[in-house]
There are 2 protein chains.
Amino acid sequence: MSIEVIDSELTEQRLNQLTQALGSGMFVHVRNMLHDMAASDVALILESSPPKTRQVLWQLIDQEQAGEILEELGEELKDSLISGMTPEKVAQATSGMDTDDLAYILRSLPDAVYKKVLQSMSSQDRHRVEQALSYPEDTAGSIMNTDTVTLRPDVNIDVVLRYLRQRGNLPDTTDTLYVVDKNDHVLGGVRLADLLTCNPSETIRSIMDPELESIPVDMPDNEVAQLFERHDWISAPVVDEQQKLLGRITIDDVVDVIREDAEHSMMGMAGMDDDEDTFGPVMKSTFRRSLWLTINLFAALLAASVSNMFEGTLEQFATIAILMTIVPSMGGVAGNQTLALVIRGIALGHIGQSNSRWLIGKELAIGFLNGIMWSVLVFFAVWLWKDDMALGGLIGGAMLINMTVAGLAGASIPLLLKKLNIDPALAGGMVLTTVTDVIGLFAFLGLATIFLM
Amino acid sequence: MSIEVIDSELTEQRLNQLTQALGSGMFVHVRNMLHDMAASDVALILESSPPKTRQVLWQLIDQEQAGEILEELGEELKDSLISGMTPEKVAQATSGMDTDDLAYILRSLPDAVYKKVLQSMSSQDRHRVEQALSYPEDTAGSIMNTDTVTLRPDVNIDVVLRYLRQRGNLPDTTDTLYVVDKNDHVLGGVRLADLLTCNPSETIRSIMDPELESIPVDMPDNEVAQLFERHDWISAPVVDEQQKLLGRITIDDVVDVIREDAEHSMMGMAGMDDDEDTFGPVMKSTFRRSLWLTINLFAALLAASVSNMFEGTLEQFATIAILMTIVPSMGGVAGNQTLALVIRGIALGHIGQSNSRWLIGKELAIGFLNGIMWSVLVFFAVWLWKDDMALGGLIGGAMLINMTVAGLAGASIPLLLKKLNIDPALAGGMVLTTVTDVIGLFAFLGLATIFLM
């Protein structure tokens, strides 16, 4: 009996084989290949295929696997596949899903389909799902499962062992059973490892961890993720305001939150929606991206209108026009460095009331030091290039002003946006670049007008 | 017995209390507060404090916790604290650490300290660590632990249960015991949950999962992370080329890899080192950031030298100078959207040989469509603003060219960099912006020179 060692080239190979088989119309062969794969691998293949190929592949998959495959897909692709299914098919495909994943899918369905899917479910499933849907998105409640196994504190381990053998299985990713009193209040947790290694005649109370931390159901999911990361948890109990056990959160859902938040920051900073599907249709992508470009057009026109104020100077000195992009460009890069640092700090929970002033001061200092360094460099560079010392001085002075402002703005803009409940990862970059462009142009063209005209 | 429910404001409050207590010199109080906290909370407090406060806090922590706290810190802060410790202290603090974390710390020590730390260790620990250090960084081997518990296939469950009770405990994050033959080849895995729920008279072979996948020791750690995410694993066995069991990787280390890779992409795109410490010293940060600014200065001078080629045109038409930043700016934003999408696709393993041409074609099409849309818009905007239809046409034409190039460059630059083994998250943004700036200026100033001069 040999064991499968994972080959990182495998997906690539499979994708090539599938593409070829599809190209030559060998649909039965493709169907067999897909049925032999794990759901997560089929999901990866779907994610990596252009829209037309996806439609064909989706028809050929093992219908039993449909739900599992949907669970693994990115949001945009998932929505587009579900929108092509009948409500009955959706209900059938989703019947074996974890509550939290099912609720996640139902949230994105149009109202009519949503109701039909709920109607096609068994009443028990419907109840489970309706409860999950009652928690707001992006909170502990929305990523929670309700399949907890609970124990009473005063039974012996061997009683628990008999009970578990009778039960026959445990929910996925169970590492800890929760100990509760008769009102479902959490008293502690017992790890499976402890059940296996402790003396069977001991009581649950004596081996449980009474310090087990519970998560309030309304905690934002990114804070839940921070706790899991910090404490290396596999699962944690979720409680209501009365500390009553409602369910549990498992590390696999937390990993999804971490990945989504990270993507959100990275894509957001580039002005992209993190739901965007890499191999999605062209027209949809074009429109999705236009919001950001519209905002940028206004920012660019604003910068141009600053230049417009100095038309006289620009008319007289073409050299000023040639050099005028350097100062905004350096300010933009320096400001973005600070911005990325502060956004990460906010995401990791490192930045709060008590240290934000210190941080702004630090970044201002770095901006000023950077400003001195780069203004000297650019002074010599321009002096040598244009053989004009005064011009070098002007651009150096403007650089110092803009780099200092960039440090200040890079640190304070995300903190300000956060206070206003605007996502800094999304809006920070555009606001910052507008500031550094406008200040950079003002400083350079202003100084030039004062000293040269 | 009541259970602690987590309060997300807690860290903020603690930080305020500590800062106040430190300010009024109540060191004993601070020491007591720190000793009462979990290592991960102390680490969070250290991360969130300015350098001077950190030094004081570090003196006051519970020395027993030092190793655990170090494990939780970011790289830059960890290095700076360790560099202030004697080798003996480092050896003492790190004695209880997981092998992989210890190896990670030792890698960053100066040679002299490193040797002394190794000498102060027990020979068993030293052997363990030297083996871990033999695996290259960022591979499965470097995040692997060697504390696996293995079983033989032909014993009964009750024999295993007796063995585990005698053993008394299991390594952290153990969810699966590995079944091996006499040559340590992995035959399968048995989940703790199965040991608890199956009939004790069954054999390990009958309940083990023979399909358990093993990870080759030289697999890059980001591919390991993708596998964990895709399959919702808690742990996985690591094997050598002969499929012999070497150790196991656990989800907590994988979460660190995911977080680090995500930070690396986000910070890298802004030209920042992902090791950079949010509250680190000013001078260090200033110098760390200058590489990126130096490269940007060259890029900005390159753009200026493009403008310089059209000095005659700029001399004659100040309006051209006023408008010349708009085209590069829009191209930069459009290109960066594509870049972020492609970098994420590469990171998720969605993009390979078979679909990259399709992707480039798609992004080129989006760039062209965007180009048409925005060139029409900017044509009307400039026509209205400057009352000059020809000028509007010129800038519109340049926009179409630059947006199309931006789509093509945004998709092909990261793929090309990846082929050259250069990290696209790090270099992609700068290369792209240089391309869109240069092409944007060339297109606009070039068209202006042809049609207006």
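Cβ coordinates are placed from backbone N, Cα and C, and glycine is handled just like the others.
Listed features, source TrEMBL:
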| type | residues | note |
| --- | --- | --- |
| DOMAIN | A:144-206 | domain 'CBS' |
| DOMAIN | A:208-266 | domain 'CBS' |
| TRANSMEM | A:291-310 | transmembrane segment |
| TRANSMEM | A:316-343 | transmembrane segment |
| TRANSMEM | A:364-385 | transmembrane segment |
| TRANSMEM | A:391-417 | transmembrane segment |
| TRANSMEM | A:429-452 | transmembrane segment |
Item to check | Predicted model, mean pLDDT over the domain 'CBS' (A:144-206) | outcome: 91
Next on the checklist: Do any residues, 6 or more residues outside the transmembrane segment (A:291-310), come within under 8 Å Cβ-to-Cβ of it, and if so which ones?
Outcome noted: 271-272, 324, 328, 430, 433-434, 437-438, 441-442, 445-446, 448-449
Checklist entry - If you run through the domain 'CBS' (A:208-266) with DSSP, how many residues end up as helix, strand and coil? => result 27 helix, 17 strand, 15 coil
Checklist entry - Of the residues in the domain 'CBS' (A:144-206), how many are helix, strand and coil by DSSP? => result 20 helix, 17 strand, 26 coil
